[in-house]
Amino acid sequence: MNFKNTREFARELDAQDKLFKYRNEFIFPKVNGKQVIYFVGNSLGLQPKSAQKYVNEVMTDWAELAVEGHFYAEKSWWDYHERFSEKLGKIVGANASEVTVMNTLTVNLHLLMVSFYRPSGKRYKIICEEKAFPSDQYMISSQVRYHGYDPSDAIVEIKKRDGENNFRTEDVIEKIREVGDECALVLIGGVNYYTGQVFDMEKITKAGHEAGAFVGWDLAHAAGNIELKLSEWNVDFAAWCSYKYMNSGPGNASGCFINKKYHNKKDIPRFEGWWGHNKERRFLMEQEFQPEPTANAWQISNAPILSLAPYLASLEMFDEVGMPALIEKRDKIVAYLEFILHEIDKEVESTFEIITPADQSERGTQLSVFLHGEGREIFKYLMDNGVITDWREPNVIRLAPAPFYCSYENMYEFGQILKTGILNKKK
Ligand SMILES: *Cc1c(COP(=O)(O)O)cnc(C)c1O
């Protein structure tokens, strides 16, 4: 498509956009009385207008029914979390039985390590990507130390080649083959949080299995962003947070995928609690644990209903729209943003380097842009002018135009504000 860097053209794209009306279903912060241009849905998604209603519903049930709400609320609490499995399954490409929602992301990764990081003999190493998200690094390192190994030996990092911004699939696979029968687990962020690169999860999962390792994915930046087929790819486990692309609210619950081949297995180690017990018998308070025959067996505590409520509100919208429509708009709006960046770059004679892969199959919603020659002041200028981006040292801004609520006109306006900011500085 031949894009144009004009307001009229951007408005034309908005007029053709089937998802445009959803902008109105979200609440935008305001700067100088004007709705912001929000590029940080990869960090904290905007609040759906329906979220408050879902929370109020729980507050009312609590007031009117108190403990009886567990069974008699319209959305009963004892099985509230089960309302998520099917909807989340569609988002991550899994059977409903393989998906559950509980705790928070890093907590879930720790819990899943109980089942999937079982070092023994010479097989004790974990392969991950270099400069993984810090929480993942701390999690993996503490797990390795907990099992009595030295992180500098037991953690094997996949590296980028010198001068390259992204990982190469062949290097990941090569590393897995090299570690071979010493590899206990491959655990990588499915979409890199810094560059937005999408890993070839199918190929890497296959290579991990060929080496005899478990393969898990941290999908913090992938869930609700890219197409996932966790069942088909035969992934062992995965977890994600819901407050980024899935708009569930700050610090909200994480989702987990546990491949069905591990359900109903007596020999799989797992930390257990009453919410993972056979649900028909949960309140009989029996001594022996009978796991649910699904991913719900990994549940531990009774669910935080008040926090799940806005998550459910958001999932209803995902269900209505569907990932294919979101992905279709995503590709187009990201391509338009990329075009705008190149146009502005020419006009201001600056040098923007987009470090996210140019190939659409290797990226999702996020473009990470190295602003050579620009400092933090441009980030601040954008903020002061109603463009919310995210700044990473040394001088990268991450731009994620979430297809649910960003418009093409936003992209055009962003370009104009960026241009003015840079030119002002040069004066
Ligand atoms: C956002 C993010 C996290 C956050 O972890 P929490 O436990 O939800 O605080 C972890 N890992 C990755 C890769 C992330 O992008």
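Any Cβ shown, glycine's included, is placed from N, Cα and C.
TrEMBL does not curate its annotations; it predicts them automatically.
So that you can see what the record holds, here are the features copied from TrEMBL:
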- L105, T106, F133, P134, S135, D136, D218, H221, Y243, W274, N302: pyridoxal 5'-phosphate binding site (BINDING)
- K244: N6-(pyridoxal phosphate)lysine (MOD_RES)
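What TrEMBL annotates, mapped onto the structure for a quick look.
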| residue | record | Cβ contacts under 8 Å, 6 or more apart |
| --- | --- | --- |
| L105 | pyridoxal 5'-phosphate binding site | S135, D218, A220, A239, W240, C241, S254 |
| F133 | pyridoxal 5'-phosphate binding site | G189, Y193, D218, A220 |
| Y243 | pyridoxal 5'-phosphate binding site | L44, G45, G249, P250, G251, N252 |
| K244 | N6-(pyridoxal phosphate)lysine | G41, N42, S43, L44, G45, A220, H221, A223, G224, N225 |
| N302 | pyridoxal 5'-phosphate binding site | W77, W78, W274, W275 |
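With a CB cut-off of under 6 A applied against ligand 1, the binding-site residues D218, Y243, N302 are reduced to D218. There are 15 other CB atoms within 10 A of the CB of S135 (pyridoxal 5'-phosphate binding site), with all protein chains counted.
For D218 (pyridoxal 5'-phosphate binding site), other Cβ atoms within 10 Å of its Cβ number 28.
When the Cα positions of L105, T106, F133, P134, S135, D136, D218, H221, Y243, W274, N302 are compared pair by pair, the longest gap among these pyridoxal 5'-phosphate-binding residues is 32 Å.
DSSP classifies L105 (pyridoxal 5'-phosphate binding site) as helix under the three-state reduction. Under DSSP, D218 (pyridoxal 5'-phosphate binding site) is assigned to a strand (E or B) in the three-state scheme.
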